[in-house]
Each structure stands twice: as C-alpha cells, then as structure tokens.
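Student: Below is one structure. I have some questions about it.
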C-alpha cells in the first residue's frame with residue numbers, strides 16, 4: 001500500500017502537481033514511517049511549494065533515519081537555501097559530497113549556496129559578514145556629509161530557489177522502470193517491422209514487450225492488428241478480448257478500450273464474409289462507439305451494416321416471385337385498390353430491386369393517391385435504372401405537371417420524345433404544358449396560382465442562377481425598357497433558352 005501511494009506521489013510530482021504529491025507521500029509515510037525515501041520525496045514536494053520550513057523538517061528526518069545517504073543532505077541543503085540560510089545550505093551540501101563526491105546534484109547545489117552566501121546584503125555586507133558591523137563609538141561624520149544623501153546601493157539579487165529533483169526510486173521501482181523502457185523499445189521495433197510487412201517479426205517484438213510489461217494494452221492491440229493482416233482472425237479476437245479485460249483492470253484510457261473493440265469488430269467482419277453472421281461484428285462496433293465515438297469506427301460500422309443489408313437482399317432475391325408480386329399489384333391497380341397494389345409492388349422490389357417497371361407502376365399508384373413526392377422519387381429511380389424506359393418519362397412528367405412545375409414537366413417529356421418521337425402520351429404531355437404556360441402569359445390564371453408557381457420556381461437552383469447572372473439581369477431590364485435591344489438578345493441561342501426557361505416557370509410573361 002505504501003508503494004502504491006508513493007507511486008502516485010511520484011507521478012503527481014513529475015507532472016508538477018506538488019500539493020497532490022505531498023498528500024500521497026503523507027499517506028505513504030503513515031503506512032511506512034521508517035522509510036527515509038518517503039520523507040525525502042515529501043521534502044522535495046514541499047520545497048517546490050515554497051514551504052521550506054516543512055521541507056526542512058522532512059529533510060532533517062531523512063538524515064536522521066539514513067545519515068549515510070547523500071541525497072538526504074541534498075534535500076537539507078535545498079530547504080536551508082529556500083529559507084535564506086546559505087551558510088547552513090553550504091554545510092549540508094558539503095556533508096553530502098563527503099559521502100558521494102561525484103554527485104552532480106550536490107555539486108550544483110553547493111555552487112548555488114556559495115553564490116547566495118557571497119551575495120551582498122542591502123547594507124553592503126556579505127551574507128556571512130555580520131562581524132564587520134561598526135561599533136556605537138564610531139565618531140559621527142561632519143555636518144555637510146550628514147546632509148549628503150548616501151549613494152544608492154545595488155539591490156541584492158534574489159537567492160536562487162532550489163530546483164525540484166527527481167523522485168527517489170527503490171530497486172524494485174528502478175527495475176520496473178527499466179522493464180517498461182525495454183518494452184517500449186520492443187514495441188517500436190514491432191512497429192517498424194509492421195510497416196515493412198514483416199509480420200512474423202512484428203509478432204515476436206510485441207510478444208516480448210508483453211512479457212516485459214503487462215500494464216500497457218497497446219502491445220496486445222498492436223499484435224491484434226498484425227493478426228488481422230495475417231488473416232489470423234481468431235488470434236486477433238483473443239488478443240482484443242484480453243486487452244479489454246486487462247484495460248478495465250488497469251483503468252486504461254477509454255480510447256484504448258475502444259481501439260481493442262474496433263479491431264475485434266474488424267476481425268469479426270472479416271469472418272462474417274464466410275459465416276454470413278454480421279450481427280456480432282455490428283454489436284462489437286457499437287460497444288466500441290460507446291467507449292469512444294471514433295469516426296473510423298463509425299465508418300466501419302456503416303460498412304458492416306451495409307454488407308448485412310446487401311446479403312439479406314441477395315438471399316431474398318427471386319425474380320420469379322417478384323414477377324408474381326408485380327402481376328398481383330397490376331390487378332389491384334386495375335381495381336383501383338392503390339394502397340394494396342403498393343404493398344405488392346414493394347414486395348416485388350424487395351425480391352428484385354433492379355426492375356424499372358415496378359418503380360414505374362408504384363409511381364402511378366402514388367400519383368393516384370396524391371403522394372407526389374413519393375411518386376416522383378420512384379419515377380426518378382425508374383429512369384436511373386433504365387434511361388431508355390419511355391414509360392418512366394411519362395410517369396415523371398405527369399407528376400411534375402400535377403405539381404404545377406410545367407417547365408420541368410416540359411423538359412421531361414421532351415427528353416422522352418428524343419427516344420420515341422411519335423409517343424402520343426409524351427406529345428400530349430408537351431401540349432398540356434404549353435397550354436398552361438400560355439394561360440399564364442395571357443393572364444388567364446389567378447394571381448394566387450401565378451404566385452404559387454413563381455414561388456416554386458424560385459426554389460429551383462437553375463432559376464436562381466439565371467436570375468443572378470449579370471447578363472441575364474440586363475436582358476430582363478432591356479425587355480422592359482429597351483425592346484429593340486431585347487430582340488437582339490433573343491438572337492443568342494443561350495439567352496433564348498434561359499428566357500424560355502423563365503417563361504415556362506412563370507417568372508417571365510410574354511404577351
């Protein structure tokens with residue numbers, strides 16, 4: 001227990017948390033009051049807090065318990081120097097050097113102490129020169145000299161404060177530190193081998209690091225990464241499980257726990273390509289995200305979920321059943337049972353998601369039910385699957401027409417006519433769009449309807465780009481103020497096309 005409190009104190013001291021370090025050393029002293037190292041360490045922590053009187057008491061106790069230990073006199077000298085007693089500091093450092101003449105810390109401390117002892121006081125005396133003070137019988141100076149202000153003396157330089165020294169370690173702690181350092185070197189060698197794709201050598205180095213230090217789970221997670229590269233997924237999973245258990249015992253950083261779980265999830269995802277069981281990989285990634293929401297882990301989770309969905313679709317894929325469901329939907333459509341028809345079309349798409357006819361038919365159902373956004377989405381998916389499927393253009397154009405987006409409907413119908421110029425349904429669609437556009441130009445629609453069309457058109461990025469184009473803005477001004485210049489503009493095919501777009505959208509009216 002005392003060693004644990006001491007270790008906490010050392011860790012706090014090394015990061016500058018001196019108050020916390022002193023508390024831990026106090027706890028350790030309560031458990032091992034005869035340990036001179038603990039008093040030495042607490043003395044250093046107290047000196048760092050400028051509590052030199054308390055530091056001195058601990059240093060004296062250190063020397064009392066271990067008078068032949070040079071480090072104790074270093075603590076004693078630092079405390080005296082902090083209290084401004086340079087002479088005592090010099091004496092303490094000299095005693096320490098008598099025990100250990102090559103100790104650099106004692107040498108540096110003695111040098112600082114001697115400088116402090118030799119520094120002049122405000123009265124001009126050295127720190128050790130108190131015997132040179134003039135006696136009371138010294139005759140007073142002449143009157144004119146008494147009126148002359150004394151020359152200014154150079155301000156005394158502050159005495160150097162002792163630097164905190166490294167904490168003292170037992171033989172066991174020194175061995176532990178050396179083993180950790182050796183383990184880190186093995187890890188670095190493993191990392192270098194991994195980068196060279198020398199996986200067997202990397203495994204050897206990480207294994208050696210684990211033998212030297214079992215308090216760092218990064219050796220396990222690194223070895224797990226190598227096993228993934230080698231295709232040894234079961235070994236990877238074992239290492240990740242060990243890392244999670246050991247990490248929780250050590251209260252390791254949650255990011256390290258998340259890393260172990262992520263690598264386990266990756267191994268499980270690799271195995272799922274054969275086992276077809278993605279659920280356990282998904283669950284593992286989700287656990288990793290509860291520890292730390294790492295973007296890379298989230299990406300891997302999305303990939304596995306997508307792979308699972310694709311697998312389910314592949315297993316469910318059956319074109320024959322899809323055709324049967326589509327025919328059932330067609331029969332219900334004829335009976336005007338549109339919601340029921342949608343259910344069968346949806347099942348048909350689950351069985352065969354690549355059939356554009358089903359998307360077209362379901363779009364027709366949505367149109368009948370007034371669900372225009374859903375119908376438009378299906379019509380667009382239909383054309384995405386097959387741009388040469390003419391029915392898709394009639395479905396999409398009809399929906400856009402019902403949404404009063406006549407300019408877009410016109411474009412859709414015209415695109416279909418490029419594939420089938422004599423298609424009557426597409427020709428009728430174009431005719432209806434022209435009629436509606438001309439009605440707006442003749443002022444035969446209500447102001448509310450015109451405003452509705454214009455508002456929708458203004459949400460179209462293409463319309464917005466036309467209206468913010470400086471050239472087109474000038475063209476529109478000329479239409480109002482300079483008709484002759486406007487006619488010249490219309491000779492430009494690009495300008496003419498944009499004007500026609502604005503007219504079709506109801507933004508511009510041609511009378």
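Cβ atoms here come from the backbone N, Cα and C positions, even for glycine.
So TrEMBL says this about it:
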type     : residues : note
REPEAT   : 2-35     : repeat 'TPR'
REPEAT   : 70-103   : repeat 'TPR'
REGION   : 111-192  : region 'Disordered'
COMPBIAS : 137-152  : compositional bias 'Pro residues'
COMPBIAS : 160-172  : compositional bias 'Acidic residues'
REPEAT   : 183-216  : repeat 'TPR'
REPEAT   : 322-355  : repeat 'TPR'
REPEAT   : 390-423  : repeat 'TPR'
DOMAIN   : 460-499  : domain 'STI1'
Student: Take the repeat 'TPR' (2-35) and count its residues per DSSP category (helix H/G/I, strand E/B, coil), listing them in that order.
Tutor: 27 helix, 0 strand, 7 coil
Student: How does the repeat 'TPR' (183-216) divide up by DSSP, counting helix, then strand, then coil residues?
Tutor: 27 helix, 0 strand, 7 coil
Student: Based on DSSP, tally up the residues of the repeat 'TPR' (70-103) by helix, strand and coil.
Tutor: 27 helix, 0 strand, 7 coil
